[in-house]
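*Asks:* If you look up TrEMBL, you'll see 29-115 marked as domain 'Acyl-CoA dehydrogenase/oxidase N-terminal'. Per TrEMBL, domain 'Acyl-CoA oxidase/dehydrogenase middle' is recorded for 120-222. Under the heading domain 'Acyl-CoA dehydrogenase/oxidase C-terminal', TrEMBL lists 234-385.
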Amino acid sequence: MKDDILPAVRLAHSQVPEDSVKRWKTVIPIVAELKVKARKLGLWNLFLSKAHYPKHGVPLSNLEYAVMAEVLGRGGPIASEAVNCSAPDTGNMEVLARYGSPEQQEKWLLPLLNGQTRSAFAMTERFVASSDATNIRTSIRQEGNEIVINGHKWWISGAGDPRCALHLVLGKSDPNNSDRYQQQSIVIVPVTTPGVKVIRPMKVFGYDDAPEGHCEIIYENVRVPLSNLVLGWGKGFEIIQGRLGPGRIHHCMRSIGAAAQALDLMIQRVTDPSRKTFGKYLYEHGTVIADIAKSRAEIESARLLVLSAALQIDKFQAKGAMKEIGIAKFVVPSMALQVVDRAIQSFGAEGISQDQELAGTWAGLRTLRLADGPDAVHIQQIGQRELKRAPALAKRTVEIKQKEKLLLERYGAKSPL
């Protein structure tokens, strides 16, 4: 990170052309160089634990990767790409490693693991409240030995990259099924398939995030072989729950690093002798020291949440760690946003300009409060999970009261309460 990636961040940004066409056809040269070096060092596919994926994984636990991902978070998107740990590829590789057929793994997973291709995950839809994924309307139906797909997606990250080779598309294959969670299936769609139309890249607070982008896509009578169905009909929800758990925690891991990087920048800024105002260092004004202390405390607290979630994934896989993942998902990005906002304030107008990385970092973190499910969804799920404990708590209270009454009677005492 110190020797290779951080010195390359500004160069990577400069190597993305300003031209509106060329920027979507560019493979950033310095990132390609970093990937070659990282792979030679064995720093590759760090997210894929051999414990869960013995055939394709690396000998690291999710907990160990969490420590590394925090470090990577300091370098922005190019750091994760340099070690082949970028979203959405990480989640897609996990889907194919866990649920893909041997043929699907050979054709689609291995090139992703080798860093030869990239991918997209097409779930979110335009004109639909797709924070509830049961609302999606994209049609997936079988015709003979083919699957036909029709739908309108957007915010499909990675779809703009010239190396993107496949989309994993979630759609409804059995809309009349009485079980809302058995209506969906996932299909592998090669990007070169007729009918796949990338309409435009969406902008996030003015950033288009080229060349990966977050694209609007229309699938119009797209036909793929029946063998491109992942796992089986009606297995879409099972797959996305397995996919989103690790992906959500990966975002949180990197967010800790992004917040730590912002705090470091803030400390350097407020102690810079050339930045004295009214005869004082910046940290000698107002509440700057308190902001630094709060930021450090919040980073340390949030890190423990993330490490706890990573440990639960190691023990019970993502399905057994949903509480820890959900809490981290709505706590960590908001924490990181606060830290970055304080850092921006210490830089003044420069902090919101293209001359500093903080504005882009803030935009990315703010997006995370919507990506992989908005905060409100996770908060509701955690609250509902807590409320389910109410009967057991009431039962326990009754039992304690009974024992309390017996104790009071034995000692001839009256309750002071």
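Each position is counted from 1, following the chain as shown.
Cβ coordinates come from backbone N, Cα and C, glycine included.
Remember, TrEMBL labels are computer predictions, not curated facts.
Relative to the rest of the structure, where do these features sit?
*Replies:* According to DSSP, the domain 'Acyl-CoA dehydrogenase/oxidase N-terminal' (29-115) comprises 53 helix, 2 strand, 32 coil.
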*Asks:* For the domain 'Acyl-CoA oxidase/dehydrogenase middle' (120-222), jot down how many residues DSSP puts in helix, in strand and in coil.
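*Replies:* Tallied per class, the domain 'Acyl-CoA oxidase/dehydrogenase middle' (120-222) gives 6 helix, 54 strand, 43 coil.
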*Asks:* Mean pLDDT, the domain 'Acyl-CoA dehydrogenase/oxidase C-terminal' (234-385)?
*Replies:* 93
